[in-house]
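Engineer: A single structure is presented below for examination.
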Amino acid sequence: MFPMLSKDDAYLEGDYDIVAAANGATPSRGSQKSSSAGMSVLTSEPTTAHRPVMYPTVICEDQRSGAGDDDEDRRSWTHYYVGAPGTLLGAVLGLVLGSVLAMESVKSELKQFEYTEKLIVRWGALYFRAVSCLLVPTVFVSLARAVADIVFNPRLTRMGWRIAAYSLLTTVLAVAQAMAWGYLFADKYDGATYMFKYSGYSITCPHNKTEYLRMAPNGTLNCGPLPSRQIRTMVFPLYDNTKQLVLAPDIRKLIYYESTTKEILHGLLLLTPTNVIGAWHNNEVMSIVVFAMVFGLAVGLAQVKPLLKLLIGLETIFNSMMTTVVKTAPIALISLIAGPVYAGTHVLTLDKDLGRILYYVLTFFCATVVHACVVMPLLFLLRTKQSPWRFFVLGVHELAAGCLALL
């Protein structure tokens, strides 16, 4: 009996040598030819007690292709569902649903049900909560693993830092182009004012505790009864110390900058977090990125392989969890778009908002084409001193078309 080898050790020891040694032949490490010779000894002089040789099963190409058609179709539908077609379909359905629910005839009927608005928005909120929960740890583990892998392997150190430098350069170029295009079309999509919805309240009349202060249609105030639904949502005593009813915050992290310079300085300060746990809690991605790179550098310099394997395993786990959550994005988009339109926080007007959307798409298209067809080939020419036509022939744009992050 031979001890079971791990997956990594099997490549080092060689399966053929183990089979040959089990049948009485002399093993020869690292040579498939010698193991074959050992197997020939087995056929010429068979022993009375030996373990049967297990040969790998060969599957014909036609059998394999027949079984893989269903998997290929399933992957194709999943690609379309999670990719751009599914995302656009979810956005269109959200706009249609929000427009229908925002109609006065429909909205007046649904307003009597206090849970309607919450029911529409809740599904999108669940998606946002799941993404927010996984975004920071996924970014941290992925960056830390990448940096640690580069530093850990001396062969990849030089090439890895070169790749990191090119990635940083292309990122800076992409950000600079985005700012330039955004400045060029800034007056075309200036955005819409966010409509804050304040919570309602009611005051009891001093002469009768069962009547409340109301506003008549003509604008005058009078005392009278309120429907039970409004009493549950609007009436609360001023001496309530149990905090059963509290006002929700308007928007978290809403910061007003006096100038663009102060906004840029605030972004630079986020590169050096004062509290890493606070950065995790506030989802400050810039602070997490810097800390992850420093952490990965420390893990790589420590030369402790179990730590690197731990980061690889965590990255696999978080990527699998994130993939599962992202698969619900087309469905969540319906709620994320229809909810604000129905609630009235984002008023959709075709004459203004449609123009903003079209200009945004035009800006993205122009920036993508210039970056992929002008900036990157120019960088290729300066670095390799070769014709940029090879950059297009290599097929990188076909690959980038399926993954916009590569652009």
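Cβ atoms here come from the backbone N, Cα and C positions, even for glycine.
In TrEMBL, annotation is done automatically, which means it is predicted and not curated.
Since we're looking at a predicted model, the values are computed, not measured.
According to TrEMBL, the protein has these features:
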TRANSMEM  80-103  transmembrane segment
TRANSMEM  123-143  transmembrane segment
TRANSMEM  163-186  transmembrane segment
TRANSMEM  285-304  transmembrane segment
TRANSMEM  325-345  transmembrane segment
TRANSMEM  357-382  transmembrane segment
Engineer: Near the transmembrane segment (163-186), which same-chain residues lie under 8 Å Cβ to Cβ, leaving out any that are not at least 6 residues past its ends?
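Structural biologist: Contacts of the transmembrane segment (163-186) (Cβ under 8 Å, skipping residues fewer than 6 from its ends): 150, 359, 362-363, 366-367, 370-371, 375-376, 379.
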Engineer: Where else in the chain does the transmembrane segment (285-304) make close Cβ contacts, counting only residues six or more beyond its ends and a cut-off under 8 Å?
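Structural biologist: Answer is 135-136, 139-152, 267, 270-273, 276, 279, 311.
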Engineer: Under an 8 Å Cβ to Cβ limit, what residues of the same chain, 6 or more beyond the ends of the transmembrane segment (123-143), are close to it?
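Structural biologist: Same-chain residues near the transmembrane segment (123-143) but 6 or more away: 280, 283, 285, 288-289, 291-293, 295-296, 311, 314-315, 318-319, 321-322, 325-326, 328-329, 331-336, 339.
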